[in-house]
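Novice: Okay, handing you the structure first.
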Amino acid sequence: MKRGVLLNAPLSALVARMGHTDEITVCDAGLPIPAGPERIDLALMAGTPSLETVLTALLTDLVVEKVIMASEIKQISPAAHQALVDQLEAHAAAQGKPITIEYCLHEAFKARSHQSKAIVRSGEVTPYANLILCAGVAF
């Protein structure tokens, strides 16, 4: 049995394949998922698992240097936005490397998701609760 924190086989394999600047989209239950990127569907029911839980799991193994969010989250879902920013800032401190946060319009976010290695669907139902994680390097 695997010893690490991240036990989900498809997620673990995805993280192992990531190179510097490769991207993973972590999305809510409603984001349209394009053909092309690998689809890892973790959604069980509304709210389960939450985006925060999926992000926590991924951050146990993935070095992240940049995160992209839809700018609409700041106005439409401010509490969720602040929780994500807090989580990312805490992780940046723990990994000893900064994480840049960038914003774009939701339509541009959806277009950008097409270049992700994979799209990981959570059960999150908060509007605009979607992230693109850009991989950093561990050295």
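Numbering starts at 1 and runs along the chain as displayed.
Any Cβ shown, glycine's included, is placed from N, Cα and C.
Pulled these features from Swiss-Prot for this protein:
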| type | residues | note |
| --- | --- | --- |
| ACT_SITE | HIS20 | active site, proton donor |
| BINDING | ASP28, HIS106, TYR128, ALA129, ASN130 | substrate binding site |
Novice: Taking Cα atoms as reference points, rank the binding-site residues HIS106, TYR128, ALA129, ASN130 by distance from HIS20 (active site, proton donor) and give the first.
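Specialist: Nearest by Cα distance to HIS20 (active site, proton donor): ASN130.
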Novice: By a simple count of other Cβ atoms within 10 Å, which of HIS20, HIS106, the recorded positions in the record, is least packed?
Specialist: HIS20
Novice: Taking the residues the record says bind substrate (ASP28, HIS106, TYR128, ALA129, ASN130), how far apart in Å are the two Cα atoms that sit farthest from each other?
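Specialist: The span, Cα to Cα at its widest, is 13 Å.
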